[in-house]
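Visitor: Below you'll find the structure I mean.
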Amino acid sequence: MLIRLRDRRTLGENDVTPEAIYHARRRFMAGAAGLGMAAALPRGALAASNYDEVEEGSGPPWFTRRFDNVAWQAVTAGADDTITPYGDATHYNNFYEFGTDKRDPAENAGQLTTEPWTVEVDGEVGRPGTFDVDQLLGEHRLEERIYRLRCVEAWSMVIPWLGVPLADLLKRVEPTSKAKFVRFQTLERPSEMPGQRSRFAYIDWPYQEGLRLDEAMHPLTLLTVGMYGRSLPNQNGAPVRLVVPWKYGFKSIKSVVRISLVEDQPATAWSSINPREYGFYSNVNPDVDHPRWSQARERRLPNSLFSPNMIDTQMFNGYEDQVASLYSGMDLQKYY
Amino acid sequence: MLLAWRLAVFAAALCPFAWYAWQVYSGNGGPEPGQYLLLNFGVTALILLLVTLSLTPLMKLTRWKGFALVRRQLGLWTFSYAVLHLLCYLLFILGLDFSALGDDLVRRPYIIVGFAALLMLLALAVTSNRYAMKRLGKRWKALHRMVYAALALVLLHFFWVVRADMGEWLNYALVAAFLMALRIPVVSRRLSRVRPRRGVARRG
Ligand code: HEM
């Protein structure tokens, strides 16, 4: 099944492509030639080879096995959203387990062992268990979803993810009536994660995040295993991560090893360190500033010295039509 | 020889600027070159401030007047990198939206503190010439003690910017604490005695 999540801002699936290809390739190819060549490819192949430096379809067996049956561009972004070049999306990351500099994850994450990998699903569920990624994905077809990613630091990218709706997994494990929230946990493995070895880190490892159950069940919430037509690079949260496009990036927890359904609102890594700066909900909201900077605008990356590429931040990162109803009646200034 | 030394220091202080500019020019500054320059110029300013503050202890320790000769120069370099840092902020982070600057200046403590530090460095820079020294007389020395306050504010500014790990900040803070400790009178006198001034007999 292919979920359609369209709003007036999104385009037909073919419309986004030539421009996206153009931008992904512009650094390496003469613009016009690259555009013509790519546009001539059939759509499936085109979406997969969209991106420079990407080895199309590369990944572990559970990934390659699903690759022929991907629903390409099941969700596309807006007319002005150009897909961020792969090299930028993989070399400008906040993944503090691998260091605090934006380049550290690309440098240090290579050593992470992602096979074998298991995820424990426990708590208020009828069918708890420990699953490998193959089992986690189940029978649901992989979907490509081009989402805006808005970092709490006021920059943003546009990234084509590959994954399945988290709801599909949650339904399979049968949440009990007590399940109100979902807590997620990242791997804790200091031997492979230098950031966890630092004695001066604020974060109390392992990294934890949480969603309300209805947020977790929302069709936009993606259990993600790939991007740019390949499996996730380690620095982007291999082998499996969450992507919640209407929330600040840190909610989209990486390298998940545990998913627990719980009754009470779970503690999350950032709001435990600094509840004033990072709330539990952390929905993208241009009207609620971070205490240290404004959230009204964002720098769409890549930018250059001559054009900072500042754009207005949209309520719920532009997914307002789809998700606003989750929060009807809530004071979003208070529950930020 | 001393002229060569001053020129060498000049060239060395220019290197970070040249290096970071080259990185950005050649596409190695990452997808957000403005932020890249902002952070690196900020750190360079802090390092230069610490280097400047290590000159007096070094001179006391070695009695080589070369260190004193480049103090003003390095102080001005510190200020220059801090100004570059501010320019990056105005140009690349605020996108020259000055109403946002007003907002930040009122509401964001780390910006207020950085701004105060920069004003102090400005005051020191404009009074770093011989004319100001003569005019201010004794007050000049008192005024230039403000550099310690500026250092404290810069460290506070940096501290409030740290998000996830204090490690890097702590390195700078420890160096700063060490340099300040060298200025405690007892310590500073000892430092001077390591190599006494020529002509003064070493006592017992
Ligand atoms: C008007 C004055 C100033 C403004 C508006 C300003 C602004 C900023 C901003 C926006 C950041 C980055 C915050 C972030 O996103 O992480 C920053 C970081 C920093 N600033 Fe400033 N700053 C000012 C003055 C100074 C001065 C005078 C110094 C040093 C002499 C300085 C040193 C630093 C350092 C070391 C960092 C941390 C860089 C890092 O995280 O690697 N700043 N400043």
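Glycine residues also receive a Cβ, built from the backbone N, Cα and C atoms like all the rest.
What you see is a predicted model, and the numbers here were worked out from it, not measured in a lab.
Pulled the feature table from TrEMBL, pasting it below:
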TRANSMEM  B:36-55  transmembrane segment
DOMAIN    B:41-154  domain 'Ferric oxidoreductase'
TRANSMEM  B:76-96  transmembrane segment
TRANSMEM  B:108-126  transmembrane segment
TRANSMEM  B:146-163  transmembrane segment
TRANSMEM  B:169-188  transmembrane segment
Visitor: What stretch in B:76-96, B:108-126, B:169-188 has the biggest tally of Cβ pairs under 8 Å against the transmembrane segment (B:146-163)?
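Guide: When the Cβ pairs under 8 Å are tallied, B:108-126 comes out ahead.
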Visitor: Using a Cβ distance cut-off of under 8 Å, indicate which of B:36-55, B:108-126, B:169-188 has the most pairs with the transmembrane segment (B:76-96).
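Guide: Ranked by Cβ pairs under 8 Å, first place goes to B:36-55.
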Visitor: In the same chain, which residue numbers or ranges, 6 or more beyond the ends of the transmembrane segment (B:108-126), come under 8 angstroms Cβ to Cβ?
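Guide: Tertiary neighbours of the transmembrane segment (B:108-126) are 75-76, 78-79, 82-83, 86, 132, 143-144, 146-147, 149-150, 153-154, 156-157, 160-161.
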Visitor: How many helix, strand and coil residues does the domain 'Ferric oxidoreductase' (B:41-154) contain under DSSP?
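Guide: Its residues divide into 100 helix, 0 strand, 14 coil.
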Visitor: Mean pLDDT, the domain 'Ferric oxidoreductase' (B:41-154)?
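Guide: Mean pLDDT, the domain 'Ferric oxidoreductase' (B:41-154): 92.
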